[in-house]
Amino acid sequence: MFTGIVRGLGKVVKILKEKKISQWEVETSNELVKNLMLGASISCNGCCLTVRNIFRTIFCVDIVEETLRSTSLNTIIVGQYINLERSIKFGEEVGGHLVSGHIITTGVVSDKKELFSNQELWISLSASFFIKYFFYKGFVCVDGISLTIGSIKNNAFCVFLIPETILRTTIGQKIIGDVVNIEIDFYTQITVDSVERLLKVHPSKFINCIDI
């Protein structure tokens, strides 16, 4: 589990593509790799990946074909920076919201506005089906960053980026057309899906509950 608070950036220094797997080498800070162990989970642009090897400030991860197909990691090239977060430990502060690192869909940056030192970023979902899980002031995780939904229109939503987020993550450098990873709030998904199932199976009982 993660919190959506990016702890540092990593530079992809090597990508080795094989038949059904891609091996990455990511260089980051001493602080971020301190006490990092083999087999540990690490969030790379919001994707939960497993550390396969560590050499000084470089760690290695394997990315399977399904992850490459269903996330924006297939757009990353050598030299590009990604958002990193170590897995949370019990007792630590949860500054964002709980996220699993399991990407539900991707989105495309459809509009970007500079607001003094802030930014307004609009993202269109690649699969409009998932827009039902988006609510005003709800949580969303974009490329591993915990953000608050500012507005929703059709199959798109907007987030407002403060200077700290722009400075410490890659999202401030996004341009129109860039693909980003999206993880919806787990609890919102459970609530929406549960209500939908109840309406489908017992619509009259649900309506009676509302009347009461």
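Cβ from N, Cα, C; glycine included.
Residues or ranges marked as repeat 'Lumazine-binding 1' in Swiss-Prot: 1-97. What Swiss-Prot records for G4, I5, V6, S146, L147, T148, F160, L161, I162, P163, E164, T165 is 2,4-dihydroxypteridine 1 binding site. Under the heading 2,4-dihydroxypteridine 2 binding site, Swiss-Prot lists C48, L49, T50, D62, I63, V64, E65, E66, T67, G101, H102, I103, K137, citing similarity to another entry as support. Positions annotated as repeat 'Lumazine-binding 2' by Swiss-Prot: 98-195.
All features noted in Swiss-Prot, drawn onto the structure.
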| residue | record | Cβ neighbours (10 Å) |
| --- | --- | --- |
| G4 | 2,4-dihydroxypteridine 1 binding site | 25 |
| V6 | 2,4-dihydroxypteridine 1 binding site | 24 |
| C48 | 2,4-dihydroxypteridine 2 binding site | 20 |
| I63 | 2,4-dihydroxypteridine 2 binding site | 21 |
| E65 | 2,4-dihydroxypteridine 2 binding site | 13 |
| T67 | 2,4-dihydroxypteridine 2 binding site | 19 |
| H102 | 2,4-dihydroxypteridine 2 binding site | 13 |
| K137 | 2,4-dihydroxypteridine 2 binding site | 8 |
| I162 | 2,4-dihydroxypteridine 1 binding site | 12 |
| E164 | 2,4-dihydroxypteridine 1 binding site | 8 |
Largest separation between Cα atoms (Å) of residues that the record links to 2,4-dihydroxypteridine 1, namely G4, I5, V6, S146, L147, T148, F160, L161, I162, P163, E164, T165: 16
DSSP-derived helix, strand and coil totals, residue by residue, for the repeat 'Lumazine-binding 2' (98-195): 25 helix, 45 strand, 28 coil
Least buried by Cβ count (within 10 Å) of the binding-site residues T50, L147, F160: T50
Secondary structure composition of the repeat 'Lumazine-binding 1' (1-97) [DSSP: H/G/I, E/B, coil]: 14 helix, 44 strand, 39 coil
Inter-residue C-alpha distance, I63 (2,4-dihydroxypteridine 2 binding site) and E164 (2,4-dihydroxypteridine 1 binding site) (nearest angstrom): 30
2,4-dihydroxypteridine 2 binding residues C48, L49, T50, D62, I63, V64, E65, E66, T67, G101, H102, I103, K137: largest Cα-Cα distance, in Å and rounded to whole number: 35
